[in-house]
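Down below is the structure, laid out as structure tokens.
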């Protein structure tokens, strides 16, 4: 009877490995009755010997399965990362041809003396105010990074390598632009004639002195290309672009300190989520595997498993947006985070960046009486600076925090595209949950071993990879820059 009960159990799980089936058969063997012809002492000795051998064999099978799990995890990650390259959606085409495909929308060159945006360079909507000149002996000099991109030519007239130094944001945008230039004009490379300047060759108020500006041209010095070069610079994400002269283009960016508050999307650690057990926990205490209240694709509340943390840092200081509703709910979230906004006139639910939610907009809030998600009007939008960031990712891609429905995603202005981009992590989590040795290994952990959530400090490697690649595959209008 025991054997008949065990076989269907293994057959009911078609993905169970041979190791798990072997362990079941070994368990059955371990508990078989000893023959009556054998003496009691011999029987005990034989059974003890069998038990020790079986325990050793089981541990070997568990270790083998764990190795297979690790290899499968690595293989699936590689395959799933390569999979999107084979069918890039039309809306994912970025500057130039974008992953081997020509862009499907027309880009119009700038005209001489045109600037984008049409604002003063030092306004908040452009590159922002000056923060002070950086010299070699300044504390901020260590924040400048060299750019050794082989696809970029640096004139470096001074011979000091100063033209290679710039802020991290400037380097990031310049590398994207270099990629676009090569795709737009094969055989032509981006030329940087000036970056960080320590010789005061510019006006008194110049972002060159802070490493936040570059003067660029093309390697062939063809003036007819410069209008389109300026347009490509806009698409690459520069915060202010000016077709200042027929000889070059001027570009600048916001300071690294001013944009650090919204490069990723997170909640405050003290914000709370409701678990399926009915317990409300701060996000700082949520662990991978917890099932928390989320919102399904139909707008109804569902409980969804936390599969990873896209960002988790309890010490980092960050700027947040505060959304207050007429029902008393308060959501504190980073500016680039996507929030579900209900449009009653259209009976439609959209996802909007938190810093673009306005008063009189409606957000979905959990009704404590019925448990349903109901629209509540936003009555005040504020800002606060607080310590710590936490960004859990659920299988649904949504989470209800402080009773307000929000996305798990940020930076990209599309809930569906962001959810599609994290599909490899959901598949990976599902595969890992099928591994037969996982529960056995977890049960062997001692109480002193901290959880994966407690061990993580910083941005998840996959989320960070997506953030870095977004500028190459998405147009600027799809990004929170």
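These residue numbers are counts, starting from 1, taken along the chain as shown.
Here the Cβ of each residue, glycine as well, is placed from N, Cα and C on the backbone.
For the Ca(2+) 2 site, Swiss-Prot records 194, 197, 199, and the single candidate of 121, 131, 158, 270 listed with them is 158. Between residue 194 (Ca(2+) 1 binding site) and residue 265 (cholesterol glycine ester), the C-alpha separation comes to 34 Å.
Across the fold, the C-alpha of residue 157 (Ca(2+) 1 binding site) and the C-alpha of residue 265 (cholesterol glycine ester) stand 41 Å from each other. Long-range Cβ proximity for residue 158 (Ca(2+) 1 binding site), meaning a same-chain Cβ under 8 A and a gap of 6 or more residues, is found for 199. With respect to their backbone Cα atoms, residue 311 (site 'Involved in cholesterol transfer') and residue 163 (Ca(2+) 1 binding site) stand 34 Å from each other.
Other residues of the same chain near the Ca(2+) 2 site, with their Cβ within 8 Å of the Cβ centroid of 158, 194, 197, 199, are 157, 162, 163, 196, 198, 201, 208. Neighbours of the Ca(2+) 1 site: apart from 157, 158, 163, 193, 194, residues of the same chain with C-beta atoms within 8 angstroms of the site's C-beta centroid are 154, 155, 156, 162, 192, 195, 197.
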